[in-house]
Every structure is written in C-alpha cells, then in structure tokens.
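> Okay, here's the structure, questions in a sec.
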Amino acid sequence: MAPQKLLCLPSLLLLLLTRLLPQADTRSFVVDRDHDRFLLDGAPFRYVSGSLHYFRVPRVLWADRLFKMRMSGLNAVQFYVPWNYHEPEPGVYNFNANRDLFAFLREATLANLLVILRPGPYICAEWEMGGLPAWLLRKPKIHLRTSDPDFLAAVDSWLKVLLPKIHPWLYHNGGNIISIQVENEYGSYGACDMSYMRHLAGLFRALLGDKILLFTTDGPEGLKCGSLQGLYTTIDFGPADNMTKIFALLRKYEPRGPLVNSEYYTGWLDYWGQNHSTRSVPAVTKGLENMLKLGASVNMYMFHGGTNFGYWNGADEKGRFLPITTSYDYDAPISEAGDPTPKLFAIRNVISKFQEVPLGPLPPPSPKMMLGPLSLHLDGNLLAFLDFLCPQGPIHSILPMTFEAVNQDHGYMLYRTYLTHTVSEPTQFWVPNNGVHDRAYVMVDGVFQGVLERNMKHNLFLTGKKGAKLDVLLENMGRLSFGSNSSDFKGLLEPPILGQTVLTQWLMFPLKVDNLVKWWFPNQLLKSSHPQTPSGPTFYSTTFPILDSGGDTFLFLPGWTKGQVWINGFNLGRYWTKRGPQQTLYVPRPLLFPRGALNKITLLELENVPLQPQIQFLDRPILSSTMHKTYIYSLSAESASEPMELSGH
C-alpha cells in the first residue's frame, strides 16, 4: 500500500482555521424575542458601537480611526451611505478613492468591528440635503421622501445599484454587516407616507434577502410614523433624556427583543453664529452605564465626527436657516484630528465593566505642527476670472433661475444684469419672499456694496448710472438636512427689486471655482488689474514649504471675514471667522506635501480682507469662539431662552 502523503504545516493550519471559524452558512445575527437579546452565531450578544462616517475622514486615516474605536472597547461601527456622494449625476456612480465604501468595510473587518449600516436613501447626518442628490430638484415639483413616482424611480434606480454591492458583505454571507437601517428617522419628517416606507422595506428585502436584520430608528416623538411592521424598531436619545420613560415608550412598538439606542449622543453639532456644543463626560458615561446595566445595545453618535470638507455641510430650519459648520468635531470621544479625549477613556472604563476591552494602550495624539504667520498675496477679484470660472459662458433668462435649474449643485453662481436707468439717490435693493438662498454678495461696476442673507433683514441701498453692471454672487450654504419638508432650492428664488423696479434680463454664470483653483489658476494673470483696496469676492494665495516632518495642523484666519479655502487643490471647507464659533479649519497631515515641496493655499474671501492678509497654522483647534456673542439673540426676541430642539441625524 502506498504511504499517505503528509499534510504540510500551512495546510494543517488552514484546515484547523476552516473548522474553527464559523462558516457562511452557520453565521447568523438574529433577534431572540424570548429572552430580549440578540444572538450572534447562536450565542447571546450585545453590541456597543460608535458612529464614524467614512465620507468625513480622508481614506488614508480610516484604519487609524477604526483601530482606536476597537481599542476603546467597541465591537461594532455604525455609518451612513450618502447617496449624493456616490451618484453625483443621474446614472453616474463613484465608489473610488475616498468614496470606496467597500474599502472602508474591509478596514472595519481588519479592525475586528462588526457593521451596522444605514444606507438611507435619506440619512440626515447634518450632510448636504440629508444625503439626497441635489439633482432630484431639477424636477421642481418633486415630493422628497414620499411615494411620489419621480422620487421612487430615482430611489429604486440607486438602491438597485447599491444594495447588490452590499449583499456579499452581509454577516450570514461571510461579511461584517449585521443589520441595516431602512430610511432614517422618518417619523420626524411629517409626511407619514407609509406606502413609501412599505415600498422601501419591500425593495430592501427583495435585494438583500430575508436573513438580514432590517431596522428603523426614530426619536421618541417619531415612532408612530417611523416604525413599520416587519422592521425592528429602535430609538435614539441623549444623556439628558429620561431613559426609563423612553425605553417604556419603545416597548409599545417593540414589546419583545433587545432594547436598542441607535443614537446615544456623546456631543452635538455646531451652527455658525451659535456657541460650540459640548456634553459633559459624567453625563455621557452615566447614561451609557445605565443602558448597559439594562442589557441594551447602544450606538454612540458620534464616536468620531470628522469634517464637512468642501460644500458637504447640511443645514437646519428652526424658525430660521441654520447652516452647519465645517468642523463636525461633535465633542466626540475621538476628536476631529483623531485624538483620544478624556471622554474616550471614561467611556472605555465604563465598557470594561460589561465586556472585555482589548489589551494595550491607545495610540497617543498625532504630531501637530505650527507654522506662520504667512502673508497671502492678491490674485485678483473673482469677477476678473469669469472666463475661467465659467468657460462655457453665461445663461440668459428674463427672470433669475435657481442653481438647480441650471444644474449647479454646490458652491457659487453669479447673477448679472444692467441698470436700465440712473439711480442717483441711495435706493433699497431687496429680494421679496425671503428669496435669497442663501447669501448674496452685491457689487455695482465691480465695487462691493454689501450682503443679503436668508431669513435676515438687511438694509442695502444702491446707486448707479444707467447701464451700470449689477453683479450678485449667490452662495449655497448647504441644503437643509433636517427640519423641513420643503425642497431647498438655491440661488435667487425671486427677481430682485431696486426701489420699485423689478430687475429682469439676467445673465447667470454657474461657477466652477474648484476647477479654477485646482487646474487653471493662472498665477501670473491680471497682476496689473488689482483693485487698490480689495473688497468683495477676491482670491488670495501663497505657497509654503514644510521644513520638518510636519503633522496635523489647524488653519487660523485672524481678521478674515468669510469664505472658502483650498490646500493643494483640496477644498478644505468654509470659514466664517467673523461669526464663529469655529475659528480654525482642520488640516490633516496627508493633505500637505512632504519636506522640500511647496504647498499652495488659496482663499476666496467673500467680503472683507484684513489690513494684513495673513494666516497661521496652529497646533490646536479653536472651535468655541463666537466673535459676535449677541448674533443669535438679534434674530428673534425669544431666542435667548429658546431650548435647542433635537436635530436628528
């Protein structure tokens, strides 16, 4: 008889591993209603999770943030999928580079974190239009988040692309996704269109199968319209809320099964012009410990907030338009720069009382860099670059058109007309019916005159000769992500009025500012055409080297007013130094070129430049300095004592 061939050591190890690891057909994550718990592969399981948004963190830093979450004692990560981030135009999909959702899922696997996925289609998240694509508004009569056929057709088309890509990542298929949320806090929307929710639930089931746990999340007031038979009901609330009362309410909708708080708030978001939000460490840890004592599963929102780079911030409507800051630090356990905070160590200590926390220290804070002050030089007035900003030329219309009507989703659009008669006395310039969405920078013959702002009363008076050029630069400050059922169109929604004259015959220039900064910006151009005292929308820039290995840093813009900033062509986000509370912009080290290369910073200052146009890079953020403390109280008489409503996420 021929001797048996011996298995080599690697083959033996492979055989052992395949027998020890749960096979795809034995993997399961289910609700055990008899014992009010989850079962993972048949064993009792409770998740202690944290929210982290891949779209708010540069890809190169994903692994670092996820590792820190795992070392904090978490066993799961929860995150959204923003539709508008992945389908920028109808039928055009982007899952590359920073948008590679599946690379993020792989990083979560490597960090030994299970995944609770929230694919929308609406996500809120303080993200532009709550994750819905702005191109939906090209059909101006569309009813978002309802069974409107136009909306459902777009949703179905998107989910039929996304969900099949998700399918292999489901836990029972060998992946790490244990549960998936349908819609998001639908009960807070007000439409209460249950046929829409049933349609979504049916589509998720058809594309993902029967084994995956589907759930809903709502605040206490939203359970009635947000929950749906066949979807597991979860709730969200923060440390200041009455846990006993809220979980008792949840039991009316989900009588048996584990208690789940899908959004336990570790901090809060910031609005321009209001104070920086914080949540105290004792309040957060006490609430967490009380929930874990009950056996509840908890997701902490946010565990690491990140940054609203570019134009991606959302806005709220609470009696007035409230755009959200560039920083999404959120006072979270892991700071915007990815550093552990005292809140993290306190939370880790609480978790260790209930389940095993990985051994070993958390990584220390990343190296930080200081640089400057650096002087910026004037590149020129925005109007001087129109041929580069809008190479296809303007669109003509008798009445002004919205951003959406000319396919301009984000950023800025210039509206231009000419005075039909001489206006010798200062005459009021205004837009009726709150028709400025969101902020207008007004110029006559290139000279900056002032600002009009949504929901704000500004007295702006103009003079000019017949034929004078009237330019109105409109800024989209972020579409509503929560707080309104109305579509948030941008631009001039009504024709402006000068005195008693309705202004017509408009030229509209959809501006591609990012393209200008990244590709076309001609450094040597227009040097002779600089205004003597620049004001209004103006470009400034400089270059600078990093002399050592560098580190993360925070861009400080003392004396600047409001605008947008790019580093090496990357849109870092908005600054609004004069309004606050955010005074610095986070600059991740990977955005900067290494020692020896020149980095370029470009500013588009929209209003007024300081006498010394300088910037600095600091080694710590300033997020809590509201320059005009009385600003929020000037908007309405009762604002000072008005309680902050929950935003939804």
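Placement of Cβ uses the backbone N, Cα and C atoms for every residue, glycine included.
So TrEMBL says this about it:
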ACT_SITE  GLU185  active site, proton donor
ACT_SITE  GLU263  active site, nucleophile
DOMAIN    38-353  domain 'Glycoside hydrolase 35 catalytic'
DOMAIN    400-512  domain 'Beta-galactosidase 1-like first all-beta'
DOMAIN    537-594  domain 'Beta-galactosidase galactose-binding'
SIGNAL    1-26  signal peptide
> For the domain 'Beta-galactosidase galactose-binding' (537-594), give the DSSP counts of helix residues, strand residues and coil residues.
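Summed by class, the stretch gives 3 helix, 28 strand, 27 coil.
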> Fill in the CA-CA distance, the residue listed as 'active site, nucleophile' to the residue listed as 'active site, proton donor', as an integer in Å.
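Rounded to a whole number, the Cα-Cα distance is 11 Å.
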> With every protein chain in view, how many other Cβ atoms are within 10 Å of the Cβ of GLU263 (active site, nucleophile)?
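There are 25 of them.
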> Over the domain 'Beta-galactosidase 1-like first all-beta' (400-512), what does the predicted model average in pLDDT?
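Here the predicted model's pLDDT, averaged over the domain 'Beta-galactosidase 1-like first all-beta' (400-512), is 96.
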